[in-house]
Structure formats: structure tokens, C-alpha cells
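Written below as C-alpha cells is the structure these notes are about.
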């Protein structure tokens, strides 16, 4: 259980919507905590060992009940942490309130905040002069290396858990501006297997169903991109009875999708067939003017990639004679032809915009990776070179082991004879 | 089409069962060739460019129709190649005959050959003084480094396509005896995704069904190991209506199996539940005495790992009061309790023992990797260091591209704007 | 599009929550109407032909956007219809408002109405002296035959679309009190295949996810009952990565579940294994005291059967030391052992309590059956005998045909030669 | 175990291929018997009660190991039975031999027998002057009513287990020539659910794989007909990674296929897309000239319907410039365009032609229905009217119950309170 003292007028600094939402937030944070047994065990150890003592930490994340459990674990571990929202639509205002009121963690996040506010929050995070940045899409790091070179000496490192952020960090490193270590949480097996595949898979469909209440069975669902997120979305869409079409640019992923039983084709062929489109590429404008014009009347577009640039909405708006909100998170763009295209969640991450983001049990492992990634940065300070580093395998395996334990599932262990066999090359013949 | 001149008394050296089987072998090799469009395109280019000219090559493979198409491509590419069987049960005698008679390729392989014969064939392969060894389980390489150090100077490198072989090569490298480059074909995406997962998945079940003709729907099938082969077997077993239980030693793979909807438990719990067991671990004695004794009456055991050591058959035999062949490839071990255990294909690779090995369209990509791996060894002669090397990504992607093309499937290409976006880290914010 | 004239103080009689919700209701009714092309075509024909002219009709249904489209079609067809809620939790107050304000249809339904109010509404429906009763669970019909025998002469017949209602009508017929025809809409193929299986399948999971936001992958989900609804729930739960256990009382359904790859066992064995339980039996107390006491801590119970009696909640409450609401539609019952059991949606239909009921495209066919069932009752007045009658096959097929058309899907037609073959018995030999 | 005395020159009348195959047949019959626990229990009771004593019985079935177990049960039950083959390709000559040699049952069946021989065998069966005919496709019954009206007085009834046969019996009844009762075994739940769906599903793919050894993953498989057999084939094909297209003439089945996630289209659209076609309609010429001409080069055609008329092979042959056998059961028809079409198993039931028919555990329930259907005919002699009659529900449920028992699976039973609730209509309100 999360400890709590109600402080109606907290002296914790913040920029949030409504402090009075704290009780609801607290209840929901605790509910999520039930499904996060791995992070709970990490937090319990952190409470003993205080591995983050003396560390200033800035976290830029979706401000959800799961993130709250991470933030609490970091604080319990000794960190002086501030939290800003990585996405204007995903902030849960009650959670922000509870973190400020019940946990004394400074939070700067309001659901629906505009771009200017977001930028102000990024700068508040950097004003905190962090030693460690937990980033989500690499915006804080990008601002740091562009505008705050003077703070580079403060930095121990960063952790990053999105594909988008990893792509950007790689580009920064290539350009010579990433001068500190970055822990690639995204590629931890216990992160991308579960978060990207099972988490995104379920929550993307959840977002689409909450936004529209349509039946997925019998629909043609076009999944754009067959990375881990795309695999998850495609698998679950089929699991709900949809007929799934995959589009890709990578031939290996494309043939994998074929072998998994999906239809694969270029987007120009898929555009007129799809009833629902889900973009999960990490790239921009993967659905664009040439595709809008050939779509069915009533085709629905949803994005589950990190940024809201996968669908070229600006152009869609230009092409349209009207835009009408027909349900929450559901806007109808009317084209001159009379056909309409339905955009869900304004093209932002649909699972966060229209649903509640990933289920807690998924974020459990991702955020255990984040917390342990921070600890690793500190322990390896001075040892880790600038650039991207994977989560150590032992950490990854330990997280999986804790998760299995919490589910009451045992596995086998190698016998001594088997260990010897695996290390030998002479006994086969 | 494969060119052919019938030579009833060939002057090609060989040790095979029956030359008169050549016409059937030829027909079947051509049938497999239809489903191997990628290898066909490689062969056509090799015919032009002769990249293997002057190279002595020893290949140790399952002597199947698909391998025959590889052998033909290698010869067409200029190689002076000999072929031996990597497994005593998998040899297709008609294929061996056709390679000798129709293609003039020396082959040493007889279905059911004993261990002594196998060893003799390994030595004949080494007597060929190969520059390149295409190995399957690393037996030829292991014999070379143990007994033929004088030939090490001939060696350009080896290619290896089994998990078992990779494990052994890694151990050899650790022990300092692997002094030449080894191309890890097994870990090419276009190999392990398709061969290990989709190939093993289908052909393992095919072997079990041919051996037993039992219905899989409603059966408890225990898949031992959740690597690529295990994933394939589990997926296809579920696809046939079985209820699948997975056992593992790796916690990350174990939790992945859980998330995929399978039951996961230690073998001691699974043993009394299973109707059919499939071993795919690359390790030894994963099913052993303590498990046999608690199994259901009539439980069936099949192996799809490379070596026939995954099930401890010697001990099972010791425990049994009788062993009876009840169908082809199906032996009943009667225990003193009166219960019986059914062993399929003598615990050897069930897909090769009781069925026809992987379908050609799967081996198409694996063998294209083998052929291009040999070419790469030659091109990079002197550049590649000793030890294991991956297949280059470009080769992997090219194979996938050719495969998609052959299926008439197009994919998207990045727009210039997208390429720029993927290389940029400044535009996100 | 649905015609609309805003009447702020309507002279239509009603008992609903808030007339000012009408604009939102209207928008949502139209959204649902997009996904109901079959009912739209029926409505268009009804507008021409007025087959229900002069008929007094009482409909007892879940007051949702989809029902609204049915009610509008009935009114357009000439019926003098009143609508009451069949379930206190499922009423959508905005929809009720729009039907009164925009359509002039008398509605008696308030979300959360108590049992007394419900009974009053049933009597208002009967005060309307209906010729036709569209019932949902047979409460209106049961009240009629028990308390209003004087109105029996008014009755042309009833249509019923739930399993529960059919069971009750069958019992009434056996007891000799059902003296008029009842159309069994529930057993129309285009009803139970789609509504019970695909509709309940998706919407049950939707309700559970909205109530809890938990990840289904890797969870043990126990589906209680393997009728059409249970098949749907089991199929979709597996599609989301859950490991599904089925309990049944019917051996044929049980073995079907086994063959579909599910584990089947008695509830006493399933109770300690399940993470989530879904009841869909149409029977009472299928989860009861003996099961509660052996469940895991945190086990979740949801019902998708018509009545809220499948879980013995009264006993659970008696056993519990406390009951706490931990999220909307999510109550935690704490047992003296310290373990807790989570009950979703108060044990009422979870898809209606916590989500939005069936998607419109499913109800499209069910409600087309209802509308055409009413028309059939009128056309066959005096011909149909008392008791249950199926929907005519031609109606069923016509609905399927219209649905396929609306999806742009064509099918084959028999050639004259094939028709002849199907009618012949001499040509086989 | 089946009792056995080797009689090298039996005095049992027969027309089979080779008596010396009896030992192999006996072994295989016993192997199948292991998977037929329900039929075994029926046989054991028949041995006690002799319900078929004095009955002359003619059985026309696929002469397989499973049928042998049925024949033995019938003989053990007292019947004076003869057996003929219902299909020229499906006869297992070793089984025929064992029935004659070991069981003393007259058998008239040779694998590959021509039409004339088949007709002769039908007449031998009728010369036996049967009281009961177990038919498979209704050929014996059709011959009887056409040519042997004098024997009608001998007849107690017939049992029929194919869709094709039921269609023909229905037509005979309509024409007034079916003057005795016919038990519709095909529509027993424990028959069509399992035999048609799970049996045909697995064994059809088994036949295709054995005939071709091709990989199904990634292939477009067109399933022609979505009855129980088609549902099974489609489900299993998807389970093996294929992309499945369904064609249908019935709109209800078509929309069910859509909702199950398959593509549905007319055959003229499917023909150019399919890699493999499977016909399971019970109708004739469902693939014909107009389809052949637009197929892909190398498209494969297989039939799993009862008769070999679903593919119009005569026309295909006329269109072709050559027909070549490229593997066992695999013929290549070369069209003038240069493209070829591959026909598997000569268009006969592929699971019987190229594989071993249904697995024993499936036929277990079908044949228990046959045996109990015969017993029912005798018990109800004089009571049953002419025409088709279903298997009584109690028989169906008893078979399911025995099957579950044999698998060690328990199910729930209704509590007295639940029984009362199901019979009541007053407690709902």
C-alpha cells in the first residue's frame, strides 16, 4: 500500500489541473499498484538501500497511475525527482494531483496542455538541473543538447523507453552531440516483448473500441508497421476476429507478417480496403494525401506510435470541407467527394487518448527496467561510455523471474549434467 | 529445371544405397525446386559469376530434396563439392542417387547408416581437404579441429545453421580451437524466423501425425523449450486445437510463453499431464527417468532438436520390460507398472525421421543463406577474423526481398521525407 | 439520417432522467445508425409500406443507441410504441431523452432505477394495452399472463431475443399459460451467431477491461458455460492471450470445448485457478460459497448472462467483512481470511454495466430480426399457433444477404446444374 | 485387444487384394483401437447383450482401421455382417485382409478398384439380403430402391453418416421411394462437430502435406464451402499460418465466415488468388473451366467432399495439353497457356487418398453413433416411420460423456436449485 498524508495546500511546487482530485488519483494509483508486483519489490529494496540518494532526476513520462508507482519508487529510493508529461493528451489529472498532494513529488502536467505549456514544462524539468533524465521520446534530452550545453556536466545519463526516442538518440550520437550514456530500456526483452507487443496490442484495440464502440470482427484492419507494436496490434486484431492487412518497408518484417498469415501489400493497395487503420511505425506521414483520397467512406484512422505525425492530419484537414466531433475522441473529416474519414484521438497515441494506456501489469516490467536502469547508470558512473547501452541481461532476467514468481509460476533449472553439456563441444559426435 | 543426363554407372565416387532410385530422386528434387525461387535466383547468378570456382567444399547436411537443390547451386557456382549425411535417419536414398547419377556430385549417405559408417563419411569429407565446410551440428568442424590440425591451413571458413552447432562453435572459440571464421547462418533472420519457427512448427506436427495418425485437437501437448523452434511447435500445435504446455529454463522465454497464452510449469508438473511431448531445447536429457515414471499410460515422446539426446532413451530402455514396434517410427516401451510410453522416430528429429523434413519453401531461404554465406566467406577471405560472424544484414534483406517478389507481394518504400525524418533528432519536439 | 425537431418541453409522456441530454443522445443514435445498414433498409421499407400501422406495441429492451434505431424503425413502420428498460443498469439516459424529445416516443427508463420503479414501468407498458410485446427476458409477458389475463385478447404475439426469455416462455407453454404465438428471435442464425457469439465475446471483454484496465494476456480466464455466448467469450479471451478454462454441465458442449483447445473441468477445480471468471449460463448461482472460499486473492468475477443471479452475491456479501468500491464498477469483497474477491458491475451484464453493450453492427441483425418478427406476427395473425415459433429461414437469409451487401461482399450462386444435382439422388453412384 | 487366429486360407468369402497383409492390418487395427475408447465400451456391452443377434447387415464404408473396429463391434454384437468399400481409393488392403483372416468378416474391397468392381460389390452387399444397411453416401440404398424393390420387406432401416448421403435420402423421401426409416448419424452432434470439423480439418491438411510437402504458412488457401467440414478446414489452415479465403452460396454461412475473420468472395474472384483450393461442398463442379483458366501457375486443387465431382476434372483434362504425375497423388495438368494446375489425389477425398483418413479418436464417436444407431433401429422397429430420424439426444450425450470419461475430464452437474430454476418462469421478475 502507498503511504499517504493528505496535504490540502501542499508546499510541493506544481502545475497541475486540480489538487482536489488527489483522493481519486490515490485510489487509482493503488489499484494499478496491485498489478505491479515487480516494481513493488524493486521499491521495497530501494526503500532499504536508497540507491538514488542525492540524485536529481527529471522524468518525462505519460502521467498515469503506473508512472505514479514508478515515481514513488524513485522517490523512495532517494531521488529528488520532478515529473512532467510526455504527451498532452495522456495526463490523468487525478494522478498528478495525488503525486503532489500525497507523495510530495513536483508534477507539471495538465491533460490537454498546449505546445507552449509543454515546452515550458520541459524547461522546468531542465531547471531542476537533473543528473539523470528518464525520457520518453527524447524531447528533454534533445532540448538539453541543443540549448543547455552548460548542464551537460551535471548529467550521469538518460534512460529511454520508446522506439522513437532510441531512433533520435542514435541520430544524436551519430551527430556527435550525445556525450553521455543512454540506457536503452526499449530493447530490454522484458520491455519490448511485453510493453510494445502485449501492452500496445491490447490497449490500442481498447482505445479504438472505447472511442467508437464498433465491432472488430469481420472488419479489415490495416496495421501500418510490423515491429513489436505492430505485431501486437495485428495479433490482437486477429484475436478479435478482424481480417488484418500489414504494410511494411522492411522486407524481413514483411515476410514474417506473410508467414504469420497476414496479407501484406503497399499502402496504396491497402488504403481502399481498410475499415480501420492503425499506425505504429515511429515514422511520419505513413498515411497521407494519396491514401486519404482512395479510402472507403467512413474509414477510421488511429495512431499508436509515439508522436502524432504518423497520419498527415494537416493535409487531411486542408482536403476536408468540414471537421465534426461525432463522439468523444472521434472526429469526422468530410471530403469534397462526400466521403468521410474518421480520425480517432486526434491522431495521438490512441491507447492513452481514448483509453487508460497500458495495463499496469505490463508497465510493471517496463518501469522496473526504468528504475533499475537509473540504478545501473549510477553504479556504472564513469565506466559507461557515451552513447546507447543495453539493459544488462541479468537485470532483464531478474525482472522476468520476479514476474513469474508473482504469478505463482515455476520453471525448470539446468541439471549439472546439462550445464556441462551446454559448455562442451566434444560430446556431440 | 535441373539438367539431367542418365549415367547408369557413374564414375562419380559415392557410398549410397541404390543408384537405380535416381529417376524418382530427380523428379522429387525438381518438385522441391519449384518452391525454392530464391535459391533458384542465386543459382542462376552463380551460373553466370562462378563465385565458388576453385573452391573445395564439404557439406554435411540432411540429404533431402532441398539440400540437393543447394548442392546443385554450389556446383553450378564452381565448387568442387562432396556431400555427407548429417543424420542417419533423414537421408532420402533416391535423392542421394540422383545427385550422383544426374549431377555428378559425390555423396556418402545411406538412410539408417550406423555410427561407424557416419564417422567414416565424416572422414571422407575431410579427406576432400575442404576450403569451406557447410556443417549441420558442427561434427565435421569438431573432427577437424580435434584430429586434422594439419588441414587447418586449407580452411577459409565454415557455415553453420543449427542452434546446436552454434553452441558448439561458441564453446570451441572459448577453448581457443576455432581458428577460422564461422558464418552463423542460424541467426540470419530469414533463417531462424522461417526455418526454426514455421518450418519446424509444421514439419514436427507432420512427423507426429504421419507416425501415429492421432488427432491433435483436445490433446495436451508439452513443448519443451520456447526458442524459435519451440515457439513454432507451440503455435502450430495450438493451431491444430491442442492445449499446449511449455517448459523452459529461461525466465524471459517462460514469461513470453505465458503472455502468449500457454501454460508454463516445470517438467515434473507437466510430465503427468501431457499426451504428447516435443523436445526442442538443444540440450540433453530434458525428459528423463523421473519424468517417465509419472507419465500417463500411452504418453508419446517426440524430439525435434538436432541430436537424439534430448530424451534419455537409454534409461527408458533400462526401465522397460519390453520394446515393441507398433507402427512405423512408433515404438512402445512397456514399464513394469503396466503403463507404456510411446517413442516416435527413435528420438531423432521427428520431422526428418517420420516425415520429409522442412518444406522446400522454408529451406529455400535457409539454403540461400548457406550459399551466400559461402560466397561471403570467399569475398571476405583474410578480412574476417576467427570466430562467429553474422550473415550481413544486406544479404538477409535481399533474401527476404527475393522471396516476397516470388510471391508477387510488394511492400512500401520510404519517401525522401521519411528517410530524412528517421535520420533526424531535432524535429520531434 | 434520423429526422429531428427539438421540442424542449415535449408532450410525449415519459419517465426519464434528463430531457436536456437529448442532443448528445441524438448524435450517438446517429453514430450507431451508421453501423446498422440492415435495420436502415428495413426502416426505409417500413416507411413505404407501414406494415405496423394501427398496432400498439410495448418494447422492453436495454435502452441503448441501437435500441433507439429499432424504436425509430418501428414507429416509422406505423406502430404506436412505448419503450421501457429491461435492465436498471444499461439505460443510456441521453438516448432515452432523444427518443422522447426528437422522436416523440414515450420512454420509461432511468439508469439505476430500483426494482419498484422497474415494476411500475412494466405496468405502464401493459397499460398501453399492447398487441405486440417485444420482450427481453420475458418479464412483461410473465406479468401479463400472471396479472392481466383480461388483456390476452389484445395480444397478437410476442418476440423474444434472450436465451433466458426463451427458457421461460418454454416453461410457460408447458404450464399452459402461453396462449399466443411467440417468435424466437434468439435462435435466428443471424441473431445468435452474431449477437451471442461475436457481440457478447467482444463486449464482455470490453466491459472487463473498462472496469479494471488489466492485461488479459497470461491470465487464467474461466468461462462458465459454453453456449453461443460462452463460445464467444472463450474465443475472444484466447484472442487476447488469456489461458481459458471452460466449465459446463452439458457433455456435448464440454467435449466441443476440449476439441477447441480449452481446458475443461468442474468449477470446484477451476475456482482456485482462475484470475477472472465470466458467467454466461442463463442459470443461477453457478459461482457460489464453496467456490468463493477457494479462490485466489484478487480473483475477479464478471457476469454476461441476462440476469444478475449467476453469481451468488448475497452469500458473498454475507461471507465478507467489508465491501469497498475500488474503481467504477469494481467492488472488493474482503473475506475473513484476508483474501479479497473483486466483483465487476455488481454482477449485472458486464458489457452493459461497464461498457456500451453490443456494438451497433451486431445489434443491426438482431434488431432487424425483431422488426421483421413483428411484421411476421401481423402477417401470420390467426395462422400461427400459440407457443414458440422460429424466425422463418427466408427472413434469416435475407438479413444475412443485406448485411453482406452492405459490406460490399459478394457470394456464389448455384448453377442450374448444381441445383439439379442437389435435388437428385440418382446421379451419385 | 482384438482376438486373433491366423487362418491362411480362410473359408470366409471375400474379394480383397492380399490375405498375407493380415498381420500388418491386425497391428494397425489394434493401434487405432487404442484411440477408440467409446466404441470399445459399446463393443463390450454388445458382447454381453448381443443386441444385433439374428440381424443381416451390409456396411458400405471406407475400409480403414477405424471401420474395422466398428465391424468387429457389430459382429461381436451378433450381426451377420458384410463389408464393402465406399470409395475405391480409401481401402487399406491390410485392414481388409485382417478382417477376413482374423475376424471372419466377409470383405469386398480393393484399393484402386474400378467402377465396375465397385458396382459388383454393391450388388454382393445386397445379395446378402440385409436387414440393416450402414451406408456412406447412400449408394447401396439408392441401388436397393432402384433395382431391388423385392428386398424392401427385409429392411428394418439404414444409417447414414455423410452430408451427401443425407441430401440424397431427403431427395428419395421427397420422391416417395424411401419407404423405411433412415437414421441421420451425420447430424448427431458427436458426429458432425468432431468428425466433419475436427477430423476433416486435420486430415485434409494432412493429406495435402503428405501429397506435396509444401509449407502452408503464408499461402492463400481457398476453402470452398463453409459447412462443418469447411469450418474445420478453414480453422486448421489458419492454425497452420495460411491466409484463408472462403467461398459460399449460403449468405448465413458466408457472414459467419466473415465474422470469423476470413475473406469471403465469389469463386471467380478467389480463383486467381489461391495457392491451394479445398472443396467441401457436397455439390458438383464448384471449381470448373471458368476458374481453371484464371488460376495462378502451380495452383493446387484438393477435394475433401464425399464424391470426386466437386472439381470438374473431365473438363480440366480436356483443356490440358498434358497430365504428368510429379509425386504420389500429385498430378500436373499443363494448360495451353504454359501454366499448370496441380490436382491432388485425383480429386477424391484427399484425407483418404493421400493420408490415412480421420484419426481414430474422431471416428470413435462417429462409429459409436453408427453402432448405437443400428441398435436403435432394432429397438424401435415398427415404431419409427419411414424417412429421416435424428440420433436420440440421450445417445448423443452418452457418447460425449463416455468420451470425456476416457480423457479423465469431469464436468459440473446441475444443483437441485438450478434444475428447479431452469423449469420455472416465475422467479425472474
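Every residue gets a Cβ built from N, Cα and C, even glycine.
Any TrEMBL annotation is an automated prediction that lacks curation.
Copied over from TrEMBL, here are the features:
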BINDING   C:64, C:136, C:161, C:191, C:195  substrate binding site
BINDING   C:162-164, C:196, C:225-230, C:248, C:283, C:304-306, C:351  NAD(+) binding site
DOMAIN    C:196-357  domain 'S-adenosyl-L-homocysteine hydrolase NAD binding'
Between residue C:136 (substrate binding site) and residue C:304 (NAD(+) binding site), the C-alpha gap once rounded to whole angstrom: 14
Pairwise Cα distance for residue C:229 (NAD(+) binding site)/residue C:195 (substrate binding site) [Å, integer]: 8
Neighbouring C-beta atoms (10 Å sphere around the C-beta of residue C:225 (NAD(+) binding site)): 28
Near-D candidates in C:64, C:136, C:162, C:227, C:229, C:304, the binding-site residues, by Cβ under 8 Å: none
Those binding-site residues listed as C:64, C:162, C:164, C:304, and which of them has the most Cβ atoms within 10 Å of its own Cβ: C:304
Separation of alpha carbons, residue C:162 (NAD(+) binding site) and residue C:195 (substrate binding site) (Å): 10
Local Cβ density at residue C:306 (NAD(+) binding site) - other Cβ atoms counted within 10 Å: 23
Cα proximity to residue C:161 (substrate binding site), best match among binding-site residues C:225, C:227, C:248, C:306: C:306
Whole-number Å value of the largest CA-CA distance among C:64, C:136, C:161, C:191, C:195, listed as substrate-binding: 17
Reduced DSSP assignment, residue C:195 (substrate binding site): helix
Around the Cβ of residue C:161 (substrate binding site), the count of other Cβ atoms that are within 10 Å: 27
Model confidence over the domain 'S-adenosyl-L-homocysteine hydrolase NAD binding' (C:196-357) (mean pLDDT, whole number): 96
Candidate nearest residue C:191 (substrate binding site) in space, where candidates are the binding-site residues C:162, C:164, C:225 and distance is Cα-Cα: C:162
Under 8 Å by Cβ from residue C:227 (NAD(+) binding site), counting only residues of that chain that are 6 or more apart: C:163, C:196, C:253, C:280, C:281, C:282
Pairwise CA distance, residue C:164 (NAD(+) binding site) versus residue C:64 (substrate binding site), rounded so that it is a whole Å: 20
Residue C:64 (substrate binding site) versus residue C:225 (NAD(+) binding site) - Cα distance in angstrom: 26
Structural state of residue C:229 (NAD(+) binding site), classified by DSSP into three states: helix
